[in-house]
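Undergrad: According to TrEMBL:
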- 1-49: region 'Disordered' (REGION)
- 12-22: compositional bias 'Polar residues' (COMPBIAS)
- 90-113: transmembrane segment (TRANSMEM)
- 91-477: domain 'Major facilitator superfamily (MFS) profile' (DOMAIN)
- 133-153: transmembrane segment (TRANSMEM)
- 160-178: transmembrane segment (TRANSMEM)
- 190-211: transmembrane segment (TRANSMEM)
- 218-242: transmembrane segment (TRANSMEM)
- 248-269: transmembrane segment (TRANSMEM)
- 290-314: transmembrane segment (TRANSMEM)
- 334-352: transmembrane segment (TRANSMEM)
- 364-382: transmembrane segment (TRANSMEM)
- 388-409: transmembrane segment (TRANSMEM)
- 416-435: transmembrane segment (TRANSMEM)
- 455-475: transmembrane segment (TRANSMEM)
Amino acid sequence: MTKFNLFKSAPEGNTSNSTVASQDKEKGTAAAAHHKRPASSRRSSYESAVQGNGVVLAKNERYSHDHGRPASVNATFEDGVVMESGFRGYLVVFGGFLTILAAIGYVSIYGIFQAQYNESYGARGSTQSAISFVGSLAVGFQFGFSIIAGPVMNRFGHKVILWSGCIIGSLGLLLASWCNELWQLYLTQGVMFGIGASLLNLAATAIPPLWYDKHRGLAMGICFAGAGIGGLVLGFIIPALINAVGIYWTLRIYAIFHFVCTAFAALVMRAPRQLSGPPMAERKDTINLAILRDPGFMLWFVAAALFGFAYVVPFTYVPSFAKDVIGLDPNVKGGQLLSIMSGANAVGRVLIGMAGDRLGAIRVAACTFTLAGLSCFIWMFAETEGALIGFSVMYGFFSGSFFTLVASITANIVGLAHLGSGLTVIFLTNTPGNLFTLPIAGQIFEKAHDYKSMIGYNAAMYLVAGAILFFLMFYNRWTKRVDSV
């Protein structure tokens, strides 16, 4: 393998880098000879990442090759950074897949728990919107807690947040199995599990892109296909467990499954050695808010916020719709519909990731958001099980594109140097939607006394988000920003 020189002296006159520059100088001619190669063959990952960006990205930070320091999600990419890939890269992607399967796959099958809680807590007088707030808290904290998870990952490294997410998420599910009040579920299955999922989600999103360049979209598609595969498999297993051992033992079994998957991921996932970070005293920012001055990033910001209001509604309400409108068993048939939706979601995430690599991440995201919104009209007028299956396939296939393409789109807009900051902000903007969309959908349903208004609300969020991404695509062409469509 050709070796690249990862360490460059600081520019003259830049006093902020004098310490690192002197360290580089002391490495002597041996290190220079070890990494030397023709200048004409150099390919600057940093330059390709930031070329044409509307944001001026700081290049005055240098990262020392110290394997003992925590890897930073905001690492600066200098000339010739090598993505290791190979077996270790595949292992990292597999760890990300298991993390998403156990932590985020829960979102895909939460509708099964929702149907059970509607029966048990609804009989005590709790409203559907109040019960749905359990799922909203979990998804809301999954994205909202990234404002804390991001700086923690920068400060202590990804191993800390991987193990913390593993333990906190598993403990939340385990404690939920002993809850008998709704507020207790808010704290355990909602807040605790949501915090654990946030920590795991950030690691699974931030680490794999560091290992791949050309096939980054495919790698992320495989990772996030875990949510669809998890929903596909668990959509059959969870209802069977509930019927066999009850909902509380089902939660305990799922807690064990969650711990095993995420503990394995915590053992195998790490950043490439080249990206080991500097002593934290040398860092200036944990989150670079200068990216908010880029109009392109703000368009992506708004589209991501609207996506937060749209994604989880069908996964939560399809089992109830199947029971109330078509007369199907919400546990068996509802679980099967969620499995179909999740299976299509898994296939879609991989193929959409490949399409994003070839056609452009923003272009593909704009099209898939629009198609996901249009698919909601099939759900709106569904009167048979076949129509509901058709909706489950179409919506499942197109709805998960955000998770597959979020790293590529964010890196294209703000550059690889600030991928961590960009992901933190984008996940944070998802929070209001994920936190309040299920109560909003529940309120719309309770006031309208039918599902059509609620489904229309869901479709509108996707269609407006898709329109914004189309505008972002043309804005990038107008500003001649490369690699961003």
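Backbone N, Cα and C define each Cβ position, glycine as well.
Looking at the shown structure, can you explain where the listed features end up?
TA: Counting residues 6+ beyond its ends, the transmembrane segment (90-113) has Cβ neighbours under 8 Å at 134-135, 138-139, 142, 162, 165, 169, 189, 193, 196-197, 200-201, 203-204, 207-208, 211, 219, 222-231, 234-235, 238-239, 242, 247, 254, 257-258, 261-262, 264-270, 312, 315-320, 331, 334-335, 338, 341-342, 345, 403 in the same chain.
Taken together, the residues of the domain 'Major facilitator superfamily (MFS) profile' (91-477) have an average pLDDT of 86.
Within its own chain, the transmembrane segment (290-314) is flanked in space by residues 53-56, 107, 110, 135, 139, 143, 341, 362, 365, 369, 372-373, 376, 379, 391, 395, 399-400, 402, 406, 409-410, 413-414, 418, 421-422, 425-426, 429-434, 436-438, 440-441, 454, 457-458, 461-462, 464-466, 468-469, 471-472, 475-476, 479, 481, 484, which lie at least six positions past its ends and keep a Cβ under 8 Å from the stretch.
Sequence-distant contacts of the transmembrane segment (334-352), counting only residues of its own chain at least 6 positions beyond either end whose CB sits under 8 Å from a CB of the stretch, comprise 105, 108-109, 111-112, 115, 217-218, 221-222, 224-236, 238-239, 314-315, 318-320, 322-323, 328, 364, 368, 388-389, 392-401, 403-405.
Beyond its flanks by at least six residues, the transmembrane segment (455-475) meets 295-296, 299-300, 302-304, 306-307, 309-310, 313-314, 360, 362-363, 365-370, 372-374, 376-377, 379-380, 399, 433, 440-441, 444, 485 of its own chain at Cβ-Cβ distances under 8 Å.
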